[in-house]
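Heads up, the thing below is written out as structure tokens.
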């Protein structure tokens, strides 16, 4: 009787464990609150993606994430990849501070207190390389040519240090550089056969890549800083296509000056124009990042809007700086020859190009409604009128937060339409830019009081009719603060806006 009871108990336990055991989809563990702790206990290294089924970024990531999972599994790695539907598992999402989709966190040895945020690229190689850096040595020891070949073949970019004495000062500097780079595999070797295969007869560092010239040999004194600079200059293609997968490399890189070629892949002289762009890029490695954008692709239409371009105006070139202040520049010539692009880049670096400020034409009825319409051409005259207090919403037509605000802003306009010195206005910041105001987020609300000193006050109070009225009646004091909402860098990323009914969570990279 006892043995039968024990058997039933054991079977019940097995059934319960089986019910909670994570399922797999394309080699990715599917986790829920009921099996999350079990998965952490079973796997020392676990990368978890918190996603939403409707999220465009998550859909784009899915095949690369699965490819990375399959690659690690095939290698017999301890590392596993998992995913959590955060819209279903809200408790887990809240526990791990999920604010946007996808959010990806790395759990090591079951530590739930401080999982590492995944910040590298969205391609399978990026994911695998980042994980291997987190779980193994900074550089793999390459004992023979087969090991070197495997490392080079494993990724789009790989770096190998050739040192006859791997304990030398130069080798130590190389390892420090390897520790500082997340998304590129590093190898180190003292094997004479490996030296011979890659045509080295003395110590050196080589960056191998599956594009452009194929390899770059480091020259000069081997220091961590110089190696990192060398890698920065050579790890990306001369021209990189802007996609969902490459966006993190573009925005996450150290080069903050980007020149963009908007070119439809369907155009007859596509190869020639891209070739001219690539030829110009050769002279600006490490200084300006050359980016190609397929202007026909649906996901890229918002980027065209951001630069004030229409599909029929492409091919076209624009330059942007992503420092503290985002600034755009337009070539004086529409010619897309290598010579003209090179000249434009040189003139920019020499400080001889003025920023390009977009403006729509002024509508005839711009001041006929309670909310006045501002464009670049009339902004200065209206906003800095010394006799008027002007409250302006800087918006983007596609922004969900702006759409929510619209009816409230219209009511505010109605409230003050007959006021003698308060003006409520709005400006589409995707089509209009002004030198006096840098818009970093949507919507941005700024107050221009009736003074002669061109004062500008940020509003960051409640976005309610009462909140706005208190702010205006207090002379711009009650609710003043820094602007904070959808970052403009997101506007440059493809497929940023999801359906309106998904407005509860910001879609972040």
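Note that Cβ sites are derived from N, Cα and C of the backbone, with glycine treated the same way.
Residues annotated as domain 'Thioredoxin 1' in Swiss-Prot: 20-136.
Its Cβ taken as reference, residue 55 (active site, nucleophile) is surrounded by 20 other Cβ atoms within 10 Å in the chains shown. Per Swiss-Prot, the feature active site, nucleophile maps to 55 (among others); the stated evidence is similarity to another entry.
Within 10 Å of the C-beta of residue 58 (active site, nucleophile) we count 21 further C-beta atoms, all protein chains included. Taken from Swiss-Prot, the feature active site, nucleophile applies to 58 (among others).
Remark: residue 122 (site 'Lowers pKa of C-terminal Cys of first active site') has 60, 61, 64, 244, 245, 247, 248 as non-local neighbours, by Cβ distance under 8 Å and separation of at least 6 in sequence. What Swiss-Prot records for 122 is site 'Lowers pKa of C-terminal Cys of first active site', and it gives similarity to another entry as the kind of evidence.
What Swiss-Prot lists as active site, nucleophile is 399 (among others), and the listing cites similarity to another entry. In three-state terms derived from DSSP, residue 399 (active site, nucleophile) belongs to neither a helical nor a strand segment and is classed as coil.
Positions annotated as active site, nucleophile by Swiss-Prot: 402 (among others).
For 473-509, the entry in Swiss-Prot reads region 'Disordered'.
Annotation comment: Swiss-Prot describes 506-509 as motif 'Prevents secretion from ER'.
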**Prompt:** Helix, strand or coil: which one is residue 58 (active site, nucleophile) in, per DSSP?
**Reply:** helix
**Complete:** The correct DSSP tally for the domain 'Thioredoxin 1' (20-136) reads 48 helix, 29 strand, 40 coil
**Message:** Test of understanding: give the count of other CB atoms lying within 10 angstroms of the CB of residue 399 (active site, nucleophile).
**Reply:** 21
**Rounded inter-Cα distance in Å - residue 55 (active site, nucleophile), residue 402 (active site, nucleophile)** = 20
**Request:** Just jot down the residues in the same chain as residue 402 (active site, nucleophile), at least 6 apart in sequence, with C-beta under 8 A of its C-beta; none if empty.
**Result:** 393, 395, 396, 442, 443
**Message:** Just to verify a number: CA distance, residue 399 (active site, nucleophile) to residue 58 (active site, nucleophile), in angstrom, no decimals.
**Reply:** 19
**Complete:** Taken over the motif 'Prevents secretion from ER' (506-509), the predicted model's pLDDT averages 30
